[in-house]
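Asker: Annotations per TrEMBL:
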TRANSMEM  B:54-77  transmembrane segment
DOMAIN    B:54-247  domain 'ABC transmembrane type-1'
TRANSMEM  B:89-110  transmembrane segment
TRANSMEM  B:130-148  transmembrane segment
TRANSMEM  B:183-208  transmembrane segment
TRANSMEM  B:228-249  transmembrane segment
Amino acid sequence: MTFLSISHLEKSFGANRVVKDFNLPIEKGEFVSLLGPSGCGKTTVLRIVAGFESPSSGSVTIDGQDVTGLRPNDRNIGMVFQAYALFPNLTVAQNVAFGLKVKGVAKAEAEARVAEMLRLIGLPDLGGRYPYQLSGGQQQRVALARALAVRPRVLLLDEPLSALDAKIRVSLRSEIREIQRELGITTVFVTHDQEEALSMSDRVVVMNGGIAEQVGTPFEVYNRPTTRFVATFVGTLNLFEAEADGQGLRIAGVPVRLPEAVEAARGGRLSVALRPESLHLGGGEVTLPATVEAVEFLGSILRLRLRVAGVLVALDTFNRADAPPPALGRAVEVGFSARDLVVLNG
Amino acid sequence: MNRVWSWLALGVGLLYFFLPLLGTLEFSLRKRKGEYSLDAYTAVFADPAFRATLGYSVGMALLTIVFGVLLVVPTAYWVRLKLPRLRPWVEFITLLPLVIPAIVIVFGYIRLYNTSSFLPLTGSASGTNLLLMFGYATLALPYMYRAVDTGLRTIDIGTLTEAAQSLGAGWVTILGRIILPNVLVAVLSGAFLTFAIVIGEFTLAALLNRPAFGPYMQLLGANKAYEPAALAVIAFAITWACMGLIQLVTRFSNHTRVNA
Ligand SMILES: Nc1ncnc2c1ncn2[C@@H]1O[C@H](COP(=O)(O)OP(=O)(O)OP(=O)(O)O)[C@@H](O)[C@H]1O
Ligand SMILES: [Mg+2]
């Protein structure tokens with residue numbers, strides 16, 4: 001059952017078409033991320049759902065109710081902003097209670113709800129503080145509590161973590177996801193950080209130029225990108241030029257037999273892609289000669305930069321204390337399985 | 001060497017401001033022959049007209065402030081939020097009272113609202129009071145608008161408005177519970193300036209024939225010797241008290257400062 005439905009959404013600012021025929025059905029309780037580069041229209045879609053912008057055409061439906069023409073204050077949608085947007089003149093508790101007061105919730109009930117929310121975000125004792133007395137991470141958690149206190153039908157978050165330090169950003173990811181699961185609230189999360197989108201979401205919408213290029217689970221989007229844009233935008237990717245002949249491909253002259261799962265190409269030149277973790281040192285189903293150009297130490301992972309068939313590619317391997325990385329400039333072999341090849345047609 | 005010149009400039013400036021004031025103060029204390037006394041002040045405070053006119057002007061000042069706040073805060077907010085392109089124009093309009101003399105405004109009022117006009121405000125005392133208050137609000141507009149607009153610049157009104165809207169708040173709630181409290185310091189400094197302007201204003205009150213403090217000062221000045229000096233000192237004290245209050249309020253409301 002679709003709970004939040006965005007259909008045939010179009011938005012233009014003057015002659016600038018910012019959102020183009022955007023469709024997205026979202027299940028109740030689902031966590032969906034809009035992922036895309038700056039200016040691709042993520043915020044615009046979110047603001048249309050919230051009611052801050054009206055679409056040029058198309059509609060937004062929540063729980064069967066068409067809300068396209070509704071004012072933002074009548075939609076019962078919670079929103080968290082990148083800039084926190086806490087009311088500076090109100091304490092934390094008053095901020096969280098704001099929406100309840102507006103709705104006329106009885107005082108005792110409102111107080112109980114505020115306490116519950118502050119417990120939920122792990123700041124039960126900070127109700128009396130003012131926003132300027134909180135760290136960025138705390139402010140954003142209060143903003144989340146404030147949005148959730150009114151029990152909104154849908155929660156919208158616009159890059160809520162991008163103003164925070166790297167460490168807090170990562171820990172807040174799982175905290176937000178946990179709270180979202182606990183409340184079972186339908187959530188749309190906007191980000192330009194692919195790691196954020198992939199790690200938090202039930203489904204990811206990869207956007208480019210106002211279009212939803214691919215919608216799928218993080219697993220699908222990462223492993224089976226359907227367009228060149230998605231393949232290059234999500235994750236690191238090694239691109240090879242290949243030639244197709246009737247049965248299979250040739251990469252740098254080495255024949256590759258494509259399995260059924262990988263769509264066979266018709267013929268001529270095309271691009272194929274491989275994730276860094278699909279490559280390994282030593283021979284494999286397909287083996288190519290390479291030279292080591294650089295080694296990056298990323299903790300649990302070693303990323304080798306290799307030159308293969310004239311192109312620089314990345315290879316990820318687990319860091320093992322008993323297997324030091326190969327020396328720079330050494331000639332090695334890299335292997336991969338044809339199953340992991342992604343043929344790019346977009 | 002530079003130091004010396006700065007101090008000299010400061011000293012000359014201070015003398016320029018304080019000498020006349022000191023002279024006035026000294027003169028106001030000389031009502032009794034041969035010794036300093038507060039006789040002039042006693043006489044002023046004992047005058048029922050002093051209390052009546054001051055009371056009237058304070059009342060008018062408060063009304064003007066309330067009216068000004070209700071007019072300016074929503075206007076400045078709306079212009080910043082929805083009509084940012086009109087801001088230079090609105091700013092220009094709010095500055096007009098600085099270049100248009102009060103006498104022009106009051107003659108315009110009298111022509112427009114006289115007893116034979118479509119809206120005979122000057123026909124009754126309360127109507128004239130209303131007119132006077134509008135006049136005062138106009139005179140104070142440049143200061144009030146600037147103060148409020150500057151205050152609005154320090155907060156992110158767009159996002160705060162949207163946050164409040166998503167929580168179900170309408171315009172009145174947003175203005176009353178979010179915008180106004182956050183620009184309160186600015187509003188108060190505008191209010192104190194308005195107060196100082198209204199207390200000392202002469203032209204509007206005299207030509208509309210209202211019993212205000214300004215005309216009273218003028219009347220006293222024309223008829224007495226020492227009391228006007230005492231009155232001038234009192235007026236100064238009131239103004240400075242206002243300035244002091246602005247400082248105080250600014251210092252004590254640091255929670256409105258956002259560290260965004
Ligand atoms: N109010 C507006 N008036 C005119 N153009 C706008 C307006 N809001 C957004 N745009 C344009 O619409 C496009 C999409 O903007 P949007 O804010 O949705 O991008 P975004 O994907 O959220 O980007 P970012 O990651 O930088 O936040 C941009 O080209 C932007 O310039
Ligand atoms: Mg954005």
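Glycine is no exception: its Cβ is also placed from the backbone N, Cα and C atoms.
Keep in mind that TrEMBL annotations are predicted by a computer and have not been checked by a curator.
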Asker: Taking contact to mean three or more C-beta pairs under 8 angstroms, with sequence separation of 6 or more, is the transmembrane segment (B:54-77) in contact with the transmembrane segment (B:130-148)?
Answerer: yes
Asker: State, in range form, which of B:89-110, B:183-208, B:228-249 has the highest count of Cβ pairs under 8 Å to the transmembrane segment (B:130-148).
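Answerer: Of the candidates B:89-110, B:183-208, B:228-249, B:183-208 scores highest.
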Asker: Let me spell it out: take the transmembrane segment (B:183-208), skip the flanking residues so only those 6+ beyond its ends count, and list any with a Cβ under 8 Å from a Cβ in it.
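Answerer: Non-local partners: 54, 57-58, 60-61, 64-65, 68-69, 72-73, 101-103, 105-107, 109-110, 122, 128, 131-132, 135-137, 139-140, 143-148, 150-152, 154-155, 214-215, 217-218, 235, 238-239, 242-243, 245-246, 249-250, 253, 256.
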